[in-house]
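Positions annotated as region 'Disordered' by TrEMBL: 1-38. The transmembrane segment feature in TrEMBL is assigned to 54-77, 89-114, 120-141, 162-186, 206-225, 258-277, 289-311. According to TrEMBL, the feature domain 'G-protein coupled receptors family 1 profile' maps to 68-309.
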Amino acid sequence: MSEEPPATSSWLTAEPTAWPSGGGGPADNSTSSGMFPPEDPLPPGELPLLVNPWDIVLCSSGTLIACENALVVLVIWQNPALRAPMFLLIGSLALADLLAGLGLVLHFTCAYLLRSDSAQLLTVGLVVASFSASVFSLLAITIDRYLSLYYALTYNSERTAAFTYTMLVLLWGLSLCLGLLPVTGVNCLAEEATCSVVRPLTKNNIAVLSVSFLLLFGLMLQLYVQICKIVMRHAHQIALQHHFLAATPHYVTTRKGVSTLAIILGTFAACWMPFTVYSLIADYTYPPLYTYATLVPATYNSVINPVIYAFRNQEIQKALWLVCCGCVPASVAQRARTPSDV
């Protein structure tokens, strides 16, 4: 009597139910889910299509991510007023998160419909490139925020715009290179023992990504400390000039921008740090539950990012009202324009 196989896991080690084509048979890892009993194999055409609930959660997150960020990208693309360097970087972040959401949905679809290693390589590469671009875009936003405060008098010059375009080209180029690594052969399909917690990424590949994340976060944190010092110095100078009445437009704008940056960095660390640390200490032999439990929160950062921008940036708020309702409420329209706000 054969027992019913458990659900498949599209992000973990190779399984006969999920990847019948492409190199390799069933993995010997007993901790991997989705294994058929060896004594009762079935032809590929007769394999039951069982879905892992964690994959459904990731696919649902991807759908929400794609919908939210598509709206932000559409608003920035259609509104000529949103062409300042900061808005271009926000658009880059939204585009990266949009592609990441689409990558999660496509990976789910390919895992349970196409069930091929080639499709897995392409979708995982898209996810890696997109999330890398998202992280790099957050770093670029932090750099831009620092420069806008340090060089406040010359920030709106053509030089700033050229520097922003240069950062965009570099971050997307580097992200594309990282995403192409699994497709060009840096994967563990030929040797399952080299797999990381996320198949088909190798342990060395994901270690490089994790260490890079820690370095980038450290740089972002250092920049944020410098931003806080600049803001404190500006606030002190403004207080002296206005007889300790600190509620000037410049002070309020700067304070809101820094508080938004703090929210972004805090959210970023809370979402990505568990998966980053786990990826460094674990490999494919660890229980699949741990991988999903750290990977799912990492995707929530892309869910939260557009919410932060839509509700805290006044220009994007106005554009969103126009797109969704065709009008702008008086309470929103009467607010002062603050393009330097994050």
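The first residue you see is number 1, and the count goes up from there.
Here the Cβ of each residue, glycine as well, is placed from N, Cα and C on the backbone.
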**Complete:** Across 54-77, 89-114, 162-186, 258-277, the most C-beta pairs under 8 Å with the transmembrane segment (289-311) come from 54-77
**Complete:** Given 54-77, 89-114, 120-141, 162-186, 206-225, the one sharing the most C-beta pairs under 8 Å with the transmembrane segment (258-277) is 206-225
**Prompt:** By Cβ distance under 8 Å, which residues at least 6 away from the ends of the transmembrane segment (120-141) in the same chain are close to it?
**Reply:** 10, 19, 86, 89-90, 92-93, 95-97, 99-100, 102-104, 106-107, 110-111, 164, 167-168, 171-172, 174-176, 178-183, 187, 189, 198-201, 209, 213, 216, 219-220, 261, 264, 268, 272, 298, 301-302, 305, 342
**Asked** Hey, which bits of the same chain come close to the transmembrane segment (54-77), Cβ under 8 Å, at least six residues off its ends?
**Response** 8-11, 87-88, 90-91, 94-95, 97-98, 100-105, 107-108, 111-112, 288, 292, 295-296, 299-300, 302-303, 305-307, 309-310, 316, 319-320, 323
**Message:** Return the average pLDDT for the domain 'G-protein coupled receptors family 1 profile' (68-309) as a whole number.
**Reply:** 86
